[in-house]
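Participant: Let me begin by handing over the structure; questions about it come next.
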Amino acid sequence: MEKGNQSTVNKFFLSGLTEQPELQLPLFLLFLGIYLLTVLGNLGMIILILLSSYLHTPMYFFLSSLSFIDFCQSTVITPKMLVKFVREKNEISYPECITQLCFFVIFAVSESYMLAAMAYDRYVAICSPLLYSSIMSQHKCLSLVLGVYILGIVCASAHVGCIFRIDFCKSDLINHYFCDLISILNLSCSNIFVNDLVILIFSLINTIFPTLTILSSYAFIIISILRIKSTEGRSKAFSTCSSHISAVAIFYISAGFTYLNPSSSHSMDEGKVSSIFYTIIVPMLNPLIYSLRNKDVKIALKKMIE
């Protein structure tokens, strides 16, 4: 056999969510609607923050960065998935598949660390309010966001680099609605021990470190809030964190369920369902969560409309 995966497979076919013909149109309309809401919600949030001087704070700088990640993540995945609902075969070239995988990993990992950075920002704001401006300087915020993307790129480079060392000859049908890493590896006829090891290591790192950052930040936040004597003060402090906690819970539960399961016992159908949450649903929900439960965003939106 010739070496190099492009010598055996030049293109793949995505199986999509379901093969049932009666569900294709309803699912197409459903996910098209979700994608449009995602684009409008996240771009709207970015524009609102850019145009409202009232929101030019570190908290909303991170929120605009999260919205950008969600917009990109959804755009990387959803349009190609929609093709399957209107065409019998959803073909994707090998380079296009690897590119989709690369950007998917970049934005998925970046979102994980961005949520951690946002938790750290809330910790500083509530636990050290007098030092907040000096600690969360513009340089510090830019460095954190840059670090988030660097971590995403490093992780994606490791996975894509490992993909290039294996051959594909079992099948050209990816049992997923996008070029998911585990689904691609299931088509390999090479030894994928190294790939599985890299997945396990990076999954643990990208789950444990952000989770520890978030949990430790909120542990200190809760302690600080409990020291606040006034009920109004406690309520205000909790309200600034509730939206972030909701976003964190949805993202980590769905992502962890997918990638911390051993591949040998992993059900691809279950994987598709959990993947829908963090690749399609979460990017749509985040701007809704942060706008509906955030007084500052509501005020800025009201001022812009008026």
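Cβ coordinates are placed from backbone N, Cα and C, and glycine is handled just like the others.
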Participant: Would Swiss-Prot have L17 and V297 facing the same side of the membrane, if we go by the names of the topological domains it assigns?
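Facilitator: Different domain labels for L17 and V297.
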Participant: Cβ pairs under 8 Å only, please: of the recorded stretches 144-164, 197-217, 272-292, which one is richest in them relative to the transmembrane segment (57-77)?
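Facilitator: Answer is 272-292, with the largest number of Cβ pairs below 8 Å.
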Participant: Which range out of 29-49, 98-118, 144-164, 272-292 gives the transmembrane segment (197-217) the most CB pairs under 8 Å?
Facilitator: 98-118
Participant: State the non-local partners of the topological domain 'Cytoplasmic' (218-236) in its own chain: residues 6+ outside its ends, Cβ under 8 Å from one of its Cβ atoms.
Facilitator: 119, 122-123, 126-127, 245
Participant: Tell me the residue counts in helix, strand and coil for the topological domain 'Cytoplasmic' (293-306), as DSSP assigns them.
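Facilitator: Per DSSP, the residues of the topological domain 'Cytoplasmic' (293-306) fall into 11 helix, 0 strand, 3 coil.
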